[in-house]
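J.: According to Swiss-Prot, the protein has these features:
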type	residues	note
BINDING	4-28	NADP(+) binding site
BINDING	SER128	substrate binding site
Amino acid sequence: MEVLVTGGDTDLGRTMAEGFRNDGHKVTLVGARRGDLEVAAKELDVDAVVCDTTDPTSLTEARGLFPRHLDTIVNVPAPSWDAGDPRAYSVSDTANAWRNALDATVLSVVLTVQSVGDHLRSGGSIVSVVAENPPAGGAESAIKAALSNWIAGQAAVFGTRGITINTVACGRSVQTGYEGLSRTPAPVAAEIARLALFLTTPAARHITGQTLHVSHGALAHFG
């Protein structure tokens, strides 16, 4: 299986790539930070393409470097700063936080899917792995809700080609690539990768347009 993994310059993206590689698949890593990306690609012995997935120009220029035929796209958006309670920040800070969250979380996924979605073979899959945020959160919570709704809508679009598209939302306490990286237990990150991998298998053919949560039930506090 040919797999494209974005966010390859983050620990979470690297973990996703490692999970697919260990399962015997051919992986291409994508990331904006050349140094971190090249280190990850060398350690995993996979191909790498330097590209900022929030930038249409960068994606257009890199398009010819991506595999011509893909079975799976794994989107790992970069972390974004959430201003939280707007009363504690200036209007400018809040605006920047929302724009940053939109670019990092939604546009990076939307633009990547638009750029290479036609490279997917029939029966392929798209999985986006993002941080889980509580309903009462700030910019990140609202933006990730927007992404989930977009994913749900795209299920109908890609379903005509037998392609599934889903989101894995992982709690901050159990993910890598966002915060407390060195303190996050590696087996937990690997569990997230295994869920992403499962969503690309024939056993998950009827799961599409969904957001699956891996958070030790954290959202139960907001139910």
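Residue positions begin at 1 at the first shown residue.
Cβ coordinates come from backbone N, Cα and C, glycine included.
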J.: Cα-Cα, whole number of Å: LEU4 (NADP(+) binding site) versus the residue listed as 'substrate binding site'?
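T.: The separation of the Cα atoms works out to 12 Å.
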J.: Roughly how many Å lie between the Cα atoms of SER128 (substrate binding site) and THR28 (NADP(+) binding site), rounded to a whole value?
T.: 16
J.: Specify the count of other C-beta atoms within 10 Å of the C-beta of GLY24 (NADP(+) binding site).
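T.: A count of 7.
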J.: Could you tell me which three-state DSSP class PHE20 (NADP(+) binding site) falls into?
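T.: In the DSSP reduction, PHE20 (NADP(+) binding site) maps to helix.
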J.: Quick one: give me the count of other CB atoms within 10 A of the CB of THR28 (NADP(+) binding site).
T.: 20
J.: So for SER128 (substrate binding site), how many other CB atoms are inside 10 Å of its CB?
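T.: There are 29 such Cβ atoms around SER128 (substrate binding site).
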J.: Counting only residues 6+ away in sequence within the same chain, which have a CB under 8 Å from the CB of MET16 (NADP(+) binding site)?
T.: VAL5, GLY7, VAL74, VAL76, VAL129, ILE192, ALA193, ALA196
